[in-house]
Amino acid sequence: MKRITLYAAGSAIIGAMLLAGPAHAMHISEGILPLGWAALWFAVAAPFLALGIRRVNELSRHDLSFKPLVGLMAAVVFIISCMPIPVPTAGTCSHPCGTGIAAILVGPLVSVVITTVALLIQALFLAHGGLSTLGADVVSMGVAGSFAGWFVFRGMRRLGAGLAVAAFVAGLLADWATYLTTALELSSGVRGSEPFYPLFLKIVAAFVPTQLPLGVLEGAMTAGMVVLLHRKRPDLLAKMGVVDAGGPGAGPRRATVVMLALFCLLASLLVAGPSRASEKWPGVDETVVEKIAAEHGREPRDPLINTDQGDLLLFVFLLAGTVGGFAAGYFWRMLVAERRTYDDHT
C-alpha cells in the first residue's frame with residue numbers, strides 16, 4: 001500500500017504544473033457542508049475506499065505492473081479534474097472528471113482510490129475542495145462517477161455497442177452523474193427548513209448550461225483515449241478485462257472519426273476566449289456551489305494550506321516537472337516501447 005500511495009500521490013502532482021491560478025472546477029469547498037452531513041458522506045465513502053485498497057492489493061499481487069498503472073491513472077484523473085475549460089455559452093469554467101476512463105481501465109473500486117488521492121492533493125495544495133468535504137467530493141466524483149461510467153460501459157458492450165460508442169456514453173454519464181450527486185449533497189446539506197426537491201432541481205438547472213456540453217466533451221475524450229489504447233496496446237486492454245482477447249476491434253472506423261470530430265468541434269467552441277481579454281470566467285464552484293451555499297448561510301472557509309503565500313506553489317511546480325518527466329516516460333514506454341515488444345512476439 002505504501003508503494004501505491006507514493007506512485008499515485010507523486011504522479012498526481014503533475015497536474016499542478018498546468019495551473020497558473022486557482023482551479024475553476026466543481027468541488028464542495030471547505031466549510032460549506034454542516035459537520036453532520038460532512039461526516040455522513042465520509043461514512044458513505046469509507047467502505048468503497050477500503051474495498052478499493054483491497055482490490056489494488058489483490059491485483060498487484062498477480063501483476064507487478066498494476067501499481068505503476070494506477071499511479072499513471074491518478075495523474076490522468078488529477079490533471080483532467082483540475083483543467084479549467086471555459087464554456088462561452090454559460091460564461092463559466094468547469095472541468096471534466098476523468099473517472100469514466102479510470103473506471104473503464106482499472107475498475108470502479110480502484111478508481112475510487114485514485115480519485116481520493118487526487119482530491120486530497122487538490123484540497124491540500126490547490127484550494128480545490130476541502131478536507132471536511134473530502135468525503136462528499138469522493139462520493140460524487142469517485143463513487144458515483146466511477147460506477148456510473150463502469151456500469152454503462154459494461155452494459156453497452158454486452159448489448160453489442162462498439163468500443164468507441166460505449167466509452168463515449170460512459171464518459172458522458174460519468175460526468176453527469178458526478179454533478180447530479182453534487183446537487184444531491186449540496187441541497188441536502190444547506191437546505192435547512194427549505195423543501196429538498198425544489199432546491200435540488202434549482203442546483204441541477206444551474207449546472208446544466210456548463211456541464212451539458214462538457215459532459216459531451218468528456219465522452220468524446222474518453223472514447224478517444226480508449227480507442228487509442230486499443231489500437232496501440234490491445235493486449236493491455238485484454239489483460240485489464242476491457243476487451244476480450246482476440247475479440248472484435250474498436251468498432252467501425254467511422255465511429256472513431258465521428259468521436260474525434262465531435263471532440264475537436266466542442267473543444268474549439270469551449271476554449272474560444274471571450275472578446276474582452278479582461279473578462280473573468282468564474283468557476284462553477286463560485287457560480288453554483290458557493291452561491292447556493294451563501295444563499296443558505298454557508299460560507300466557504302480558507303484552505304488549510306494557502307499556496308498564494310511564500311514559495312510553496314513554486315516548489316509544487318518544480319516537483320511537478322520532475323515527476324511529470326518520469327510519468328511521461330512511463331506512458332511512452334507503455335504505449336510505444338512495449339508495443340514493439342508485443343508486436344515482435346505476435
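Placement of Cβ uses the backbone N, Cα and C atoms for every residue, glycine included.
Copied over from Swiss-Prot, here are the features:
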SIGNAL    1-25  signal peptide
TRANSMEM  31-51  transmembrane segment
TRANSMEM  68-88  transmembrane segment
TRANSMEM  101-121  transmembrane segment
TRANSMEM  133-153  transmembrane segment
TRANSMEM  159-179  transmembrane segment
TRANSMEM  196-216  transmembrane segment
TRANSMEM  255-275  transmembrane segment
TRANSMEM  312-332  transmembrane segment
Beyond the flanks of the transmembrane segment (101-121) by at least 6 residues, Cβ under 8 Å: 4-5, 8-9, 12-13, 27, 45, 48-49, 51-53, 55-56, 59, 66, 69-70, 73-74, 76-78, 81, 129, 134, 137-138, 141-143, 145-147, 149-150, 153, 167, 170-171, 174, 221-222, 225-226, 229, 237, 240, 242
Contact check, the transmembrane segment (31-51) vs the transmembrane segment (133-153), 3+ Cβ pairs under 8 Å, seq sep 6+: yes
Cβ-based contact of the transmembrane segment (68-88) with the transmembrane segment (196-216), 3 or more pairs under 8 Å: yes
